[in-house]
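Pulled from Swiss-Prot:
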type     : residues               : note
ACT_SITE : Cys147                 : active site, acyl-thioester intermediate
ACT_SITE : His239                 : active site, proton acceptor
ACT_SITE : Glu241                 : active site
BINDING  : Lys168, Ser196, Arg253 : substrate binding site
SITE     : Glu114                 : site 'Important for acyl-CoA specificity'
SITE     : Leu148                 : site 'Important for acyl-CoA specificity'
SITE     : Ser196                 : site 'Important for substrate specificity'
Amino acid sequence: MTLLFDKTGPIDSPTLAPASVDNHCRSPDRSAAARVIEIGLVNNMSDAALRATERQFMRLLRAGSGEHLVRLHCFALPSVQRSPATRQRIDSLYADIADLRHTRLDALIVTGAEPRAATLQSEPYWDEMRALVDWAEANTRSTIWSCLAAHAAVLHLDGIERERLPQKCSGVFAGEQVNDDALLSDLPSPLKVPHSRLNDLAADRLAARGYEVLTHAPNAGVDIFARQGRSRFVFFQGHPEYDATSLQREYLRDIGRFLTGERHDYPEFPVDYFDADIEDALDAFRAEAEAARDPAIIARLPHLALRQGTAEGIETTANALFRNWLISLASEP
């Protein structure tokens, strides 16, 4: 799936809308002369999140493209476990990851993946991820590494091991800028970034190996950090690309897994995410669910509502980040 779009046109793709003749959206009066920013998306998210991840990054790239044309190429690591239906979809719509060797890209976005093993080195995609890090270093001007992909990249590059958290970091956290960087230009203060992870990278260990921490959240730790080598690598421990209800969907998924016995512990609700009254109702539902572990009681889950300003804060932060990233790509030769 290769898409060409700019801020003025809708994204036209097999994922989002009925496809037009060539699945491209372009501005005819500008595209012939304008330089196109070529970006690859290596989408390794779970089957359930695959399409949402496509939409989220497409939306942010379109919103941030301004006067620039952006062409997005979609890839996926073949060793990520897939259902037959999802594998067929990837095979029909995505480019083969081997095609990266023959594709000129300005930048890359690499998503995380659902953990399957206790360590990154034991994941089935570990060798492919290592090779991707090396390729991106040699062949892109900038690459974004998101969540688990960020952890994998720093482990391969500098041997920095992530640390298991005592409980999952899930919520929308208020981050603050701790270093000046063009990537952070005109970002709101505080930043609002969703996090959803079981592991963490310590700021002091990153700094000791030459990484620059750009933003930090008191209750979530390092948020965005960067490394300048042959390519400028930008790392997200969180998920700025998430839409407003992504954490809600994950929370409901985990409740369902608890009720069916797929997980032994009841999930905590995301921090600073749901309305305070809803949190009280969710605590009451949890007590009921733990007392009577029955999938049927999901019908009694209270109606969910987000805290005021949450959706707007997430969107404003993410739009500014990706706008600044695209500006940096457009300004370089």
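Think of each number as a place in line: the chain as shown, counted from 1.
Glycine too: its Cβ is placed from the backbone N, Cα and C atoms.
Distribution of Swiss-Prot features across the structure.
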| residue | record | Cβ contacts under 8 Å, 6 or more apart |
| --- | --- | --- |
| Glu114 | site 'Important for acyl-CoA specificity' | Met45, Ser46 |
| Cys147 | active site, acyl-thioester intermediate | Thr111, Gly112, Ser196, Arg197, Phe236, Gln237, Gly238, His239 |
| Leu148 | site 'Important for acyl-CoA specificity' | Gly112, Ala113, Pro115, Leu120, Arg197 |
| Lys168 | substrate binding site | Ser196, Arg197, Leu198, Pro267, Glu268 |
| Glu241 | active site | Thr53, Gln56, Phe57, Leu60, Ser146, Ala318 |
| Arg253 | substrate binding site | Ala48 |
Request  = For the substrate site as recorded (Lys168, Ser196, Arg253), determine the largest distance between any two Cα atoms, in Å, rounded to the nearest integer.
outcome  = 15
Inquiry  = Suppose the substrate site is Lys168, Ser196, Arg253. Which further residues of the same chain have a Cβ inside 8 angstroms of that site's Cβ centroid?
reply    = Ser170, Leu247, Glu250, Tyr251, Asp254, Pro267, Pro270
Ask   = Taking DSSP three-state, what's Lys168 (substrate binding site) in: helix, strand or coil?
value = strand
Key: For Leu148 (site 'Important for acyl-CoA specificity'): DSSP state (helix, strand, coil)   = helix
Message = Which one is it: of the recorded positions Ser196, His239, which Cβ has the fewest other Cβ atoms within 10 Å in this structure?
response = Ser196
Task = Would you mind pulling the DSSP three-state label for His239 (active site, proton acceptor)?
result = coil
